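Per TrEMBL, these features apply:
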{"type": "DISULFID", "residues": "C126-C189", "note": "disulfide bond"}
{"type": "DISULFID", "residues": "C228-C284", "note": "disulfide bond"}
{"type": "DOMAIN", "residues": "210-298", "note": "domain 'Ig-like'"}
{"type": "SIGNAL", "residues": "1-24", "note": "signal peptide"}
{"type": "TRANSMEM", "residues": "306-330", "note": "transmembrane segment"}
Amino acid sequence: MPLSRGAPAVLPFLLAFLVGRGAGSSSHSMRYFVTSVSEPGQQVPQFSYVGYVDDQEFVSYNASTRRYLPKVPWISKVEKNDPDYWERNTLYAQGHERSFRDHLATLAEYYNQSGGLHTFQWMYGCELRNDWSKGGYYQYAYDGRDYISLDKDTLTWMAADVPAQNTKRKWDADFRDNEYKKTYLEETCIEWLQRYLNYGKETLLRTDKPEVKVTRKEDYDGMETLICRVGGFYPKDIDIDWTRDGEVWLQDVFHGLVSPNSDGTYYTWRSVKVDPKERERYKCHVEHDGLPNPVDVAWEEPDSNLGLIIGCVVGVLLLIAVMAGIAVYFKKSQDGYKAAAASDQGSNSSGTGTAVPI
Ligand SMILES: *[C@@H]1O[C@H](CO)[C@@H](O)[C@H](O)[C@H]1NC(C)=O
Ligand SMILES: *[C@@H]1O[C@H](CO)[C@@H](O)[C@H](O)[C@H]1NC(C)=O
């Protein structure tokens, strides 16, 4: 929660942007991941404090740098209105680095542990959906499992196991602080998210429209699999369905994760198992903010150009074969000549390596 100062006004550009969007599922989020790892034989635990807007890491602090540092160019715009942003957040993160060291020691006591590798994580963030609903969470995990999280409705903590009840007792008692955290998630966090979206709008609010392609694979059982490949899109939110005769089809549908490309766009796939005779009834239906209208893509016979391409390739191969044949013929005649010449000198011709046809 390093960002508790100077709330920006609601940003008209964002309002226009969100209202102007289609019925897509687009949303924006700000998240922080704070991780401390204690390892046997290490005096000081590793520590990192990393901030994301949507899926973009924009700030980071760790035990090596001990500074809160920019990870994207647009965040430098923050300095104009908030000159001590970096200094303030550096001190804040350093404070957490110290307290996480203590937390790890306390947790080891709660769990009766004496050393070993242990991880304590704190995750918090907020989300602004394009129907203007908001979400926020504040939670902790120990050794990869839920430890405790804030229930914003009751302003109490939910302990995931018995040791976490020690923490719950301590934290439930501080009602004011829990109230402050709720306000942070519901107001401050959202305001800063909007500010960051404005600073980074060239990258964060851009849309790259998806390329959609359907390929086909024959299966062993006489059926076939149609694969809808969707790539090159941004933002990550996308709706993809297989339809049959225009109705959403769910049977034998498999899907891949939405994965990042190195250029900041995403790709994914959906497949459906079909009877080859019914292939034409299926379409891949895609909705995305980058598309003015949803698209429906069916499998298509490869372009008729393919025949031409195959023709050209075969032609080139033939030409190469003919030329190779001519080259071999001349090489052989030459070798034959050389071999003859060599034997004329009365020396052993076995070193040429070429069998001379007879
Ligand atoms: C610490 O942060 C710096 C700068 O962001 C980065 O280059 C470095 O790899 C990080 N170190 C660790 C151990 O994560
Ligand atoms: C730790 O040890 C104490 C005393 O032996 C025991 O009461 C407690 O249940 C143990 N806690 C865990 C998490 O194993």
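Glycine is treated like the rest: Cβ placed from N, Cα and C.
Automatic prediction, not curation, is the source of TrEMBL annotations.
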- Query: In angstrom units, rounded to an integer, how far apart are the Cα atoms of C228 (disulfide bond) and C126 (disulfide bond)?
  - Reply: 32
- Helix, strand and coil counts within the domain 'Ig-like' (210-298) (DSSP): 6 helix, 51 strand, 32 coil
- Task: Do me a favour and check the Cα-Cα span between C284 (disulfide bond) and C126 (disulfide bond); whole Å is fine.
- Result: 33
- Would you count the other CB atoms within 10 A of the CB of C189 (disulfide bond), including those on all shown protein chains? 27
- Query: For the domain 'Ig-like' (210-298), what is the mean per-residue pLDDT, to the nearest integer?
  - Reply: 96
- Query: Residues with Cβ closer than 8 Å to the Cβ of C126 (disulfide bond), same chain and 6+ apart in sequence?
  - Reply: S29, M30, K134, G135, G136, L185, E186, C189, I190, L193
